[in-house]
Amino acid sequence: MSTKSYAERAKAHNSPVARKLLALMHEKKTNLCASLDVRTSRKLLELADTLGPHICLLKTHVDILTDFDIETTVKPLQQLAAKHNFMIFEDRKFADIGNTVKLQYSSGVYRIAEWADITNAHGVTGPGVIAGLKEAAKLASQEPRGLLMLAELSSQGSLARGDYTAGVVEMAKLDKDFVIGFIAQRDMGGRADGFDWLIMTPGVGLDDKGDGLGQQYRTVDEVVSDGTDVIIVGRGLFDKGRDPNVEGARYRKAGWEAYLRRIGETS
């Protein structure tokens, strides 16, 4: 795993998206990504505004929203991202042939490539998924975009392990600029070959151990000590009557302190 600071890594990274995110994390002193699986744009924007000061990244599943609209969902979200200095990650999990994902990413109702700084994809269909998404990103926006490959998942019984995970890592080596890292539970290596992949880990919780639907939670210290750069927290921030401002501050502090311990610094 990397023991360099986010600031050091930002200066040397190949990807403009990764450079921006790492620099933001260093400046804002947060490695927290808020995962907001809610059904209305109003709730999404309300939580984004409350959690914004605590996060480096906001993760959406816009196909859950019953009232999605570019003008009333995306544009206000972008304004909040600018206000609070966080980036946007649409958790689309693309998993089709190159031409299909190119269209899914750039077209349709959501036009994800126009507004999401980061998205992600499965490797099951082969490297064409990377090529298709990269082509769409270039056509849809003047802003740089980044891709995370799904190497491991946090759900019980996931098939994303072993040879599959190793294959996804090899696939990521085909593109040093667009592929910025992985959704994974641990460090994926690559530094010996000149890669500095960001590791983002879902299923992080300080209280719950599971949800009864296969999700398995690990602690902040566990994942960061295993190589996680960004902790992804969802329901732990706002579910079950939790105060998102209080929980955002709590997870932010826990994540940052775990990171400082990993790089040998103290708060």
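Yeah, the Cβs are placed from backbone N, Cα and C, and that goes for glycine too.
Some features that Swiss-Prot has for this protein:
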BINDING   ASP37, 59-61, 91-100, TYR217, ARG235  substrate binding site
ACT_SITE  LYS93  active site, proton donor
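Structure coloured by features recorded in Swiss-Prot.
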residue: ASP37; record: substrate binding site; contacts (Cβ under 8 Å, 6+ apart): HIS61, ILE64, GLY234, ARG235
residue: THR60; record: substrate binding site; contacts (Cβ under 8 Å, 6+ apart): LEU36, LEU44, LEU77, ILE88, PHE89, GLU90, ASP91, ALA116
residue: LYS93; record: substrate binding site; contacts (Cβ under 8 Å, 6+ apart): ASN120, ALA121, HIS122, LEU150
residue: ALA95; record: substrate binding site; contacts (Cβ under 8 Å, 6+ apart): VAL101, ALA121, HIS122, VAL124, THR125, VAL129
residue: ILE97; record: substrate binding site; contacts (Cβ under 8 Å, 6+ apart): THR125, GLY128, VAL129, GLY132
residue: ASN99; record: substrate binding site; contacts (Cβ under 8 Å, 6+ apart): GLY132
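Note on ASP91 (substrate binding site): other Cβ atoms within 10 Å of its Cβ, all shown chains, come to 21.
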